[in-house]
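Features reported for this protein in Swiss-Prot:
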- 165: active site, proton acceptor (ACT_SITE)
- 284: active site, proton acceptor (ACT_SITE)
- 113, 163, 167, 285, 317, 369: substrate binding site (BINDING)
- 191, 193, 194: Mg(2+) binding site (BINDING)
- 4: N6,N6,N6-trimethyllysine (MOD_RES)
């Protein structure tokens, strides 16, 4: 008697092509590139095993539990068109394998160990289906799109932001001055750069105080609600919370966090604090390209975006689309919808492998940021629609007349695009014309159009 010791093929236990997925299963789509000679079924089963209950050999303690209840299952494998020896392996995980309300545990289980696996040349997590039963264990974004609009009293248009540059080296007072000029000119938000934390040339508390002063001055002057994303990211969770608490004491509307470098545990704690204390939370995705840039290894950004919506954030950076290829546009809009909408249909052309129901979890505003300027405004307005934040760093501060006129130019361009769209004009076709018309009655915009007329970021 006893049990049958020894090494056996994963696929005997973990490859179950006739498995019917349950509504409570977490489903994963992996792009698997097996080593030469490893059959795809074995590779897919190995992924299912190593990311759930399996280990490399049969163990005595397997008999003390019900593997059938707890094991991950590879239930479908399809070859990737146009790629040699590459497959999409679909894996179903029983819900009981995961701790409630912990993105950290979800990732530790699904991607924690299996990516270094010898039988695979490369492995990429393309998408996750989060079952409603699991979604309901997360708070999600502190406030969401609708509550944010109500807090800011801004409707029917995208919001405008600007990252303060030079990102490192300004003193706190000069930094606050730059913030004030941008907000006074017509932006809704300014932003700490992701690597502005608390350095010798500008300690966090000084920056917070001067930025708060800038916000209040600009609000008094413009009659609009303003914000500055105060970066609370720090070396310890305690220090991060200290910064968030100080921001709340100053009465500012929004703080910021780098969720990948800071980690999901810290991010979820901060998101809970933000909801309890009425702070909006802006999320920067520093480090994402380390994880998502390789096409055949790592984790696709749409998974990191889903994870952020569960962990909590009101804004997240999501790429700009402009000047890039058409295909990328569909993929980007796919995960932008995953961030904003309540229900998203499976659509492989947009990279969405599973239908996702968020069961009323609040939405996240996508942030378009990086290398954009006034000439991009029509395209951005058309692509992202109203529920987005458009961030022009150099596109504001690079204005020949300074920050405030740079902000004016962006605001005029945005209002012109929104008005044109509402009048039924085609932003994609008439975009340049709309900006040209608007620049006739805005010298600030005309100057911006001059500076950036030739710039294109196409490689």
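Yeah, the Cβs are placed from backbone N, Cα and C, and that goes for glycine too.
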Residues 113, 163, 167, 285, 317, 369 [recorded substrate binders]: greatest CA to CA distance in Å:
37
Beyond the listed site residues 191, 193, 194, identify every same-chain residue whose Cβ lies within 8 Å of the center of their Cβ atoms for the Mg(2+) site.
163, 164, 167, 192, 195, 196, 229, 231, 256, 284
Counting only residues 6+ away in sequence within the same chain, which have a CB under 8 Å from the CB of residue 194 (Mg(2+) binding site)?
231, 233, 258, 284, 286
Rank aside, I only need the closest one: which of the recorded positions 4, 113, 163, 165, 369 has its C-alpha nearest to that of residue 191 (Mg(2+) binding site)?
163
Near residue 165 (active site, proton acceptor), which residues of its own chain have a C-beta under 8 A away, given they sit six or more steps off in sequence?
193, 393, 394, 397
If one measures from the C-alpha of residue 369 (substrate binding site) to the C-alpha of the residue listed as 'N6,N6,N6-trimethyllysine', what distance in angstrom results, rounded to a whole number?
57
Among the binding-site residues 113, 163, point out the residue whose Cβ has the most other Cβ atoms within 10 Å, with all shown protein chains included in the count.
163
What's the most sparsely packed of the binding-site residues 167, 191, 317, counting other C-beta atoms within 10 A?
167
Using DSSP with the three-state reduction, classify residue 284 (active site, proton acceptor) as helix, strand or coil.
strand
